[in-house]
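Participant: To start, I am sharing the structure in question, which I have written as C-alpha cells.
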C-alpha cells in the first residue's frame, strides 16, 4: 500500500494519466451522435468514483453501499427542481447537502464496524434506503421514479440543450473542481491523518487524533461528493429512479475504482473512464456476454494487477520518460 | 379471521427456512475463513437450473432430479474451491469480495446464456400441488412440505455439528482457526468440506424454494443482499443465529406484507437495522 509521505505535494504536475483523461474528454466532446450524453454519464461516474476513492482508498472505510449517497443526491436534485427552484447549481448544492446529511446519519453506524462487518452494514444500509425509496411513493414516485422536471440555465445564462454540449461542459467543470478539491483534501494534513488512520488507527489514536471524528468527516465529505455525482446525472438525464440506489450501482463503482487503482485519484478517473467506455461498447453488442467478460476481467485484475490501470500507466510513464517513480 | 395468522405463519416459516438453507454456507465460510463469498447464491441458482435441466432432459419428477442436481453443484463447488478460490484466499478482504463478485457475474452470464432471462419455477409433483382448506382458508401443501423438509435438514445439520467428529472440528475452527490448527486439525481440508456442504445446502434450498424465489439469471445479485443481512443479523459463523434471523425475517416479512402492504416490505429492514445497531456482531455473535 501507499507509504505516507509528503511527496503528495510534489505531484501537482500533469502526468500520463491526466493527459489521457483530458484527451478523452476533448474527444468525447467533439464526437458526433450520442457520445456527449455518454460523456456526461462518464463524468458523473468519475465524480462518484472519486468520492468512493476518498472513503475507501484513502480512508479505508469499506463500502459496498455507496449508491445510497449517489441516489439520494439524484433524488434531492430532482425534488429541488420539481418543488423549489430550477437553478442547477442550487439544486446541486441541495444534492450535496442531502447526501452529506445521510452520510452523517449512517456514518456512526457504519464506522463502528470493521472489515467484512462494515461491508455488510453498508450493504444493509443501502438496502434499507432502496426499500424506502420504493415504498415512499409520495416522496420518490416509487418504482416510476421522478421525472418531468426542468432544469434552468446555468447562472441564468446557459440553457441545457438537447445536444448535451452545455451539460457536458457543466458536468466536466464540476468534475475538474471536484478532482482539485479531492487532491487538496488528500494532500492536506487532514488527508495525511486519514491515511494514517487507515494504516494503523490505534497508533493514530495514541497520537491524540480524534479518529472517529476524522473518519466521520471524511465519510460526510465523500457522501456529499457522491451526492453531487448523482445530482448531475439527475439534472442532465431528467430522471431520478430507484435504479440509482441499487446494489449494482455500488458494485459497479467499486469495480471502476479497482480497475483504475484504489487509493489514487487518477485511478478513480481512469477506472470510471475505462469501465464506462467498455460497458457502453459491450452493452451495444451483448450485455450478458459483457457481464461474463467483466467477471473474468475482475478476477484476473485482482489476481494479476491489484494496483489497477493507473499504476500501470505510471510505470509506462516511468519507462518512457524516466521520471522518478512517485510514492 | 382466526386462522389467518396461523396460515401466514406457515408461509413465513417455509420462506424463512429456505432463506436459511441458502445462506447457511455463507455463514460457515464467513465464520471460518472470514471470507465473504458473494458468489454463494450462485450455487443456489445453479442448483435450481441443474434440476430444471435434469427434469427436462430425462423427463423425471422434481425429487428424482433433486439429488443429482445437488450432487452436481457440490462437484462444481469443490472444483471451484480447488481452483479459483485458491486465488481468492490469497488476496486481501476487498480483493476477495471483488473476485467473488466477478465469479457471480460469470454465473449470471452463463445462466442467461444457457437458460435465457425467463423466470422459472420448477414444477412440483402432483401429490404436493394442492391446498388444504381449513375453515375457509387455504394453505399450500407444498409450503408445509418445504417447511418440514427444511426443518429436518436443519435438525440434521445441528446433529452433525453437535455430535460428529467433523462438527466438533468445525466448531473449533469457527471459534478460533489458529488454535484449531495448533491442535492438529486440518483447517484447510475442513474448510473445503464445509464449503462443499454449503454449496450443496444452497442448491437444495434453491431447488425447493423456486416457488418463493423464482429462478432467473439475476438470482444471485438479487438475493445476496438478503442472505448477507440474514448472516449479519444472526452473527458470523453462528448457524443458530442465521436460523433465527432467517425465520424471523420470513415470518415478519410475510405478516407485514399482508397487514401493511404499503410499508410492509420496508418495516422488516428497520427491524434488522435496529438489531445491527444494538448488536453490531449479530444476535448470536460474540462481542
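Even glycines carry a Cβ here, placed using N, Cα and C.
Owing to the predicted nature of the structure, the values given are computational and were not obtained by experimental measurement.
In case it's useful when we look at the structure, here is the feature table from TrEMBL:
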type	residues	note
TRANSMEM	B:12-32	transmembrane segment
TRANSMEM	B:39-58	transmembrane segment
TRANSMEM	B:64-85	transmembrane segment
TRANSMEM	B:97-120	transmembrane segment
TRANSMEM	B:140-161	transmembrane segment
TRANSMEM	B:189-211	transmembrane segment
TRANSMEM	B:223-252	transmembrane segment
TRANSMEM	B:259-278	transmembrane segment
Participant: May I ask for the residues of the chain that lie six or more residues beyond the transmembrane segment (B:140-161) and have a Cβ under 8 Å from a Cβ within it?
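Facilitator: Same-chain contacts beyond the ends: 10-11, 13-14, 17-18, 20-21, 24, 124, 128-132, 167, 170-171, 201, 204-205, 208-209, 211, 239-240, 243.
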Participant: What stretch of B:12-32, B:39-58, B:64-85, B:189-211, B:223-252 shows the most Cβ pairs under 8 Å to the transmembrane segment (B:97-120)?
Facilitator: B:39-58
Participant: How about the transmembrane segment (B:39-58) with the transmembrane segment (B:189-211) - do they touch, taking at least 3 C-beta pairs under 8 Å (6 or more apart in sequence) as contact?
Facilitator: yes
Participant: With Cβ-Cβ distances below 8 Å as the criterion, list the same-chain residues six or more beyond the ends of the transmembrane segment (B:189-211) that contact it, or say none.
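Facilitator: Here the qualifying positions are 15, 18-26, 28-29, 32-33, 40-41, 43-48, 50-51, 62, 65-66, 69-74, 76-78, 81-82, 85, 120-122, 124, 140, 142-143, 146, 149-150, 153, 157, 166, 169-170, 173, 180, 219.
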